[in-house]
Structure formats: structure tokens, C-alpha cells
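Novice: One structure coming up, written as C-alpha cells, with questions to follow.
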Amino acid sequence: MSRVSQARNLGKYFLLIDNMLVVLGFFVVFPLISIRFVDQMGWAAVMVGIALGLRQFIQQGLGIFGGAIADRFGAKPMIVTGMLMRAAGFATMGIAHEPWLLWFSCFLSGLGGTLFDPPRSALVVKLIRPEQRGRFFSLLMMQDSAGAVIGALLGSWLLQYDFRLVCATGAILFILCALFNAWLLPAWKLSTVRTPVREGMRRVMSDKRFVTYVLTLAGYYMLAVQVMLMLPIMVNDIAGSPAAVKWMYAIEACLSLTLLYPIARWSEKRFRLEHRLMAGLLVMSLSMIPIGMVGNLQQLFTLICAFYIGSVIAEPARETLSASLADARARGSYMGFSRLGLAIGGAIGYIGGGWLFDMGKALTQPELPWMMLGIIGFITFLALGWQFSHKRTPRRMLEPGA
């Protein structure tokens with residue numbers, strides 16, 4: 001086995017272990033933020049939505065800068081620094097009793113993510129061969145789902161005692177992850193050339209096809225982020241207990257572990273990437289519309305199942321398509337910019353979703369936010385169809401397995 005092949009094989013295992021630690025650290029804390037501050041402390045949902053939206057926008061919106069710096073200086077220092085910064089954000093969140101302190105903790109957490117997320121994504125593109133990326137992204141997403149359940153279960157159990165224990169556990173996991181990277185991650189370059197920060201950013205911004213694709217995905221993310229805000233609140237409201245939230249993530253894990261990899265393997269040779277992405281988005285949009293009209297957990301969990309199935313169809317195609325469009329000379333910059341759609345869509349989804357949720361309650365129209373999200377999903381579906389029409393998009397970009 002050549003040294004390059006050996007590095008790729010070892011790199012796969014490193015990426016999987018690293019991803020599990022990051023997912024556990026994140027999901028111990030973040031699914032419980034809305035429960036803690038809205039249900040336990042009585043804050044307005046929009047106040048928590050601002051905090052979650054700020055974290056999302058800082059982490060993803062500034063990702064191009066984190067990616068460009070990583071292109072210049074390498075992945076390791078950025079990843080280690082970012083993970084320690086996120087640990088500091090979680091520690092601060094544990095003592096937050098005013099909105100400004102929660103916002104500051106989410107700002108720190110998001111800034112840490114800005115530093116470590118783009119280089120971690122670029123490492124996947126660097127180490128995994130193009131024909132294997134779709135399946136590897138599916139494995140990562142299966143791991144994300146399992147980690148989300150374990151993290152949410154652990155966080156829910158700790159929340160019975162003290163929210164500070166929840167935040168301390170998340171902080172410790174990110175400190176462990178930083179030490180793991182500092183010890184084992186080689187000083188790999190992310191790009192084929194040592195791209196100056198400004199040059200990497202220029203390459204991305206001049207790629208109109210990539211920029212359009214990323215911005216179009218903002219509508220997709222407005223729906224996707226509700227698993228952190230409105231869906232947990234809805235489950236808690238109907239069940240009357242935050243303990244029920246863990247079953248929402250258990251559903252996601254079961255569906256992902258049983259369906260994600262088989263669907264990805266089956267569809268990658270039969271359907272174009274944009275068709276898989278659009279099909280998943282359509283299922284997600286349809287499942288959102290009736291949520292505000294349900295009256296029991298069985299109905300709600302059925303719709304959540306449909307939502308997760310849509311995500312299972314869409315996510316591997318979205319990640320694979322983003323990676324396939326990245327310029328090898330500026331991988332970090334491209335993968336950083338690819339998060340901008342999540343920054344915009346996530347921020348609007350959190351803040352707008354929280355505002356609409358409060359508005360729906362005030363007007364006794366609980367279906368209002370869910371109807372609006374469904375409409376946004378349909379508009380995004382049409383926009384993607386227009387962008388990826390045969391007349392506008394080179395065929396080789398969208399081939400099955402590309």
C-alpha cells in the first residue's frame with residue numbers, strides 16, 4: 001500500500017472519531033437551549049431564536065474567512081483553537097441568566113465553529129476520493145444521527161439536575177476533541193497550492209455557479225434548523241415534558257441508521273444529485289405544513305418521521321454536490337463559503353421562526369409558522385429546479401456518482 005493510500009485510510013478513521021466527539025459535544029447542549037430558556041425560564045422564543053441565529057450566522061457566515069485562513073496556514077491550528085473557543089462558549093452559557101449573556105455565549109460558540117468547521121470539511125474533500133465521497137458523507141450523517149440521540153439523551157438526563165452540568169459536559173467534550181486533534185492531526189495542507197487568504201476568497205466569489213447554488217440553499221436551511229428550535233418546543237408543548245424531546249432524536253437516529261446509507265448507495269447510480277436534493281426538500285416541505293394542526297404526539301412524530309426521511313434523501317446529495325463544485329486550489333475557502341447558505345437560512349429560520357411561533361401563539365394560530373416554512377420550502381424547490389435546468393448547468397456537474 002502506498003503512503004498516500006495509507007494516509008487516506010488512516011484519515012478516514014481519524015475523521016470518524018473526530019466527528020463523533022464534535023457531534024456529541026454539540027448535541028449535549030444545543031437541543032436543550034430552547035427547553036431551558038423558553039420553557040423553564042419563561043423567555044420569549046424570539047429571544048432564544050436570536051441566540052441560536054447569531055451562533056448560526058457567525059459560524060457559517062464567516063466560514064469563508066476561516067476556510068481562507070486555513071488554506072494559508074493549515075488545518076491543525078484553526079481546528080484546535082476553534083474547539084477551545086467553543087468550549088469557552090459552552091462554559092459561559094452555563095451561567096447565562098440574561099439574554100445578553102446567552103447571546104455572547106452563542107457568539108463565542110459560533111466563532112469557534114468558524115475556525116474549525118471549514119478546515120474539517122476540507123479535510124474530508126482532501127482525504128476521500130471523489131467516487132467515495134457520497135458514501136462517506138452518508139456514514140458521517142449516520143454517525144451524526146446516532147451522536148445526536150446519545151447527546152440529547154445525556155443532556156436531557158443532566159438537565160434534570162442542573163443546566164450547568166449540561167454545559168460543562170459539552171465544554172469537556174470539545175476540550176477532549178481539541179486535545180485529540182492537537183495530538184494526532186498531522187500538519188496537512190488543505191489545498192494543492194498554498195493559497196493566500198485574499199486569493200482563495202477571490203476564487204470563490206468569482207465562481208457565479210457556486211455562489212448561486214450556496215445562496216439558493218438558504219431556503220432549505222430555514223426548514224432544517226427547526227430541529228433545534230420549533231420542533232423541540234412543539235414536542236415539549238404537546239407531551240408536557242422535555243424528556244419527550246429525546247424521542248424526536250431517537251426517530252432521526254433510527255431512520256438515518258437504517259435508511260441513509262442504503263438510499264445513498266441505491267440512488268447515486270440512478271439519479272442526478274440535484275434530483276435527489278430536490279426530492280428530499282419537497283418531502284421536508286410537505287411534512288412541515290400540517291405540524292401546527294396536530295393534537296397528539298403520534299401525529300407529530302409521524303410528520304417528524306416524514307421530515308427526517310426528506311432530510312435523509314437530501315443531505316448526502318447536498319454535501320456531495322458542494323464538495324464536487326469546490327476548486328482544489330482553494331478547498332478551505334470553498335467549503336467555508338458553502339456554509340453561507342446555512343448562515344443566512346439558519347439565522348432567518350431561527351429568528352423568524354421564533355418570531356412567527358410567538359406570533360402564532362398570540363393570534364391563536366399555531367399553524368402560522370409551519371405554513372410559512374412549507375411555502376419557503378416550495379419556493380426553494382422551484383429555485384433549485386430553475387438553477388439546475390439542463391440549459392443552465394453543465395451535465396458533468398450533476399451526473400450520478402459525480
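Backbone N, Cα and C atoms are what each Cβ position is placed from, and that goes for glycine too.
Quantities reported herein were computed from a predicted structural model and do not represent experimental measurements.
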Novice: Compare the topological domain names that Swiss-Prot gives for ARG55 and for ASN236, and report whether both residues sit on the same side of the membrane.
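Specialist: Yes, Swiss-Prot places ARG55 and ASN236 on the same side of the membrane.
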Novice: For the transmembrane segment entry in Swiss-Prot, name the matching range from 63-80, 99-116.
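Specialist: It is 99-116 that Swiss-Prot describes as transmembrane segment.
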Novice: Can you see whether the transmembrane segment (165-185) and the transmembrane segment (340-360) are touching - at least 3 CB pairs under 8 angstroms, only pairs 6 or more apart in sequence?
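Specialist: Taking Cβ pairs at least 6 residues apart, the transmembrane segment (340-360) and the transmembrane segment (165-185) are not in contact, as fewer than 3 fall under 8 Å.
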Novice: For the topological domain 'Periplasmic' (160-164), what are the same-chain contacts with Cβ under 8 Å, counting residues 6+ beyond its ends?
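Specialist: For the topological domain 'Periplasmic' (160-164), the nonlocal Cβ contacts are 32, 36, 40, 94-95.
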Novice: Which residues of the same chain, at least 6 past either end of the transmembrane segment (277-297), have a Cβ under 8 Å from a Cβ in it?
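Specialist: For the transmembrane segment (277-297), the sequence-distant neighbours (Cβ-Cβ under 8 Å, at least 6 residues beyond its ends) are 220, 223-224, 226, 234-235, 238-239, 244, 271, 303-304, 306-307, 309-315, 317-318, 321, 360, 365-371, 373-374, 376-378, 380-381, 384-385, 388.
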Novice: Write out how many residues of the topological domain 'Periplasmic' (34-98) are helix, how many strand and how many coil, based on DSSP.
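Specialist: Helix/strand/coil tally for the topological domain 'Periplasmic' (34-98): 54 helix, 0 strand, 11 coil.
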